[in-house]
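According to TrEMBL, the feature active site, proton acceptor maps to Lys31, Tyr240. If you look up TrEMBL, you'll see Lys31 marked as N6-(pyridoxal phosphate)lysine. Per TrEMBL, the feature substrate binding site maps to Arg122, Met289. For 219-342, the entry in TrEMBL reads domain 'Alanine racemase C-terminal'.
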Amino acid sequence: MGLTIDTGAIVANWRALAGRAPAARAAAVVKADAYGLGAPRVVAALYAAGARDFFVALAKEGRAIRPHLPDDARINVLSGHMEGEDLAGLVPVLNSPAQFFRDRVMRPGQPFAIQLDSGMNRMGMEAGEWAAIRAEALAANGGRGPDFIMSHLACADEPDHPANAAQLAAFRAMTEGCAVPRSLAATGGILLGPDYHFDLVRPGVGLYGGLPFAEARQVVRLSLPVIQTRQVEAGEYVGYGATWTAGARRRIATVAAGYADGILRALSSSGASLYAGGAACPIVGRVSMDLITADVTDLSSVPDALELICPEQPIDRLADFAGTIGYEVLTSLRQRYERTYL
Ligand SMILES: *Cc1c(COP(=O)(O)O)cnc(C)c1O
């Protein structure tokens with residue numbers, strides 16, 4: 001019962017994605033507590049498998065995993081050097097000239113990386129900003145320069161999108177002649193092929209079983225305890241707002257989890273099901289804070305628990321029902337579940 005996280009599958013997915021980019025080093029993106037699955041466990045398993053480069057969004061996340069990794073693991077902080085932040089043992093990815101100058105004053109001689117904007121307009125230096133500090137950045141730390149220079153693709157999960165080639169060209173133009181490792185690809189970019197791989201790839205969601213890595217091994221199962229079952233007669237309703245009414249006599253199971261556990265309320269009467277040994281039991285009525293109701297009429301016997309995330313309903317299928325993406329399904333899973341790591 002609870003959330004089962006298959007760390008062996010995470011490692012297998014990391015190896016598979018690394019194998020798609022054999023000329024590059026494979027990092028692992030573990031921001032947001034490894035997409036909700038528990039960063040300390042995930043980084044330890046990936047380090048044991050050979051990963052040495054990790055990415056987090058915030059310095060705070062970096063400090064949380066630093067004690068779980070040996071000194072030769074590099075923890076890169078995507079938000080860069082925010083004012084007053086303790087970056088001991090971390091590598092800030094500097095996103096603006098202001099961050100660059102702050103970092104060089106506060107952390108002279110310490111490793112850093114650079115993020116460039118190649119078109120997404122979310123993070124990183126524009127071409128003109130980079131041109132203005134490029135010589136100083138490349139000469140920093142006794143000529144060693146940044147650990148790497150990176151950018152990020154906006155549309156990598158759509159292989160035919162013209163933004164991919166345009167961003168690739170922009171990144172190449174901005175980094176031409178820099179004798180520094182380069183990084184452009186997350187999960188989607190790895191799958192776009194070798195032009196996008198450069199020296200370091202940064203898979204995230206694919207490690208955790210999510211699209212666009214369609215061949216990923218599933219990592220998560222979520223099993224929810226059944227609290228009670230009842231019979232409802234034709235015309236009786238179930239749940240808040242009385243949004244679902246039985247058309248005939250049905251058996252309804254109530255399970256102990258809801259939107260406070262990160263089960264998106266948009267799954268209410270969405271076509272999503274709870275599963276009993278592979279048999280679908282449609283979610284009926286609204287997902288409430290701590291409870292979900294499902295139609296179990298077709299089961300010969302109701303088990304102690306029903307599954308929400310399972311091979312029949314992986315994270316991206318659930319995401320489709322909720323009108324979102326697998327990333328949000330994963331990162332919404334809350335700490336309240338019993339967790340089992342395989
Ligand atoms: C989140 C993130 C990644 C990982 O992306 P996935 O699509 O999950 O593989 C890589 N790089 C940056 C800059 C990111 O923000």
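The backbone N, Cα and C atoms fix where each Cβ goes, and this holds for glycine too.
Note that the structure is predicted; figures quoted are calculated from it, not measured.
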Integer mean pLDDT for the domain 'Alanine racemase C-terminal' (219-342): 96
Helix, strand and coil residues within the domain 'Alanine racemase C-terminal' (219-342) as assigned by DSSP: 24 helix, 46 strand, 54 coil
Cα separation, Met289 (substrate binding site) to Tyr240 (active site, proton acceptor) (Å, whole number): 11
Cα-Cα distance linking Arg122 (substrate binding site) and Lys31 (active site, proton acceptor), given in Å to the nearest integer: 17
Under 8 Å by Cβ from Arg122 (substrate binding site), same chain, sequence gap 6 or more: His152, Ala154
Helix, strand or coil at Arg122 (substrate binding site) [DSSP, three-state]: coil
Under 8 Å by Cβ from Met289 (substrate binding site), counting only residues of that chain that are 6 or more apart: Gly258, Tyr259, Ala260
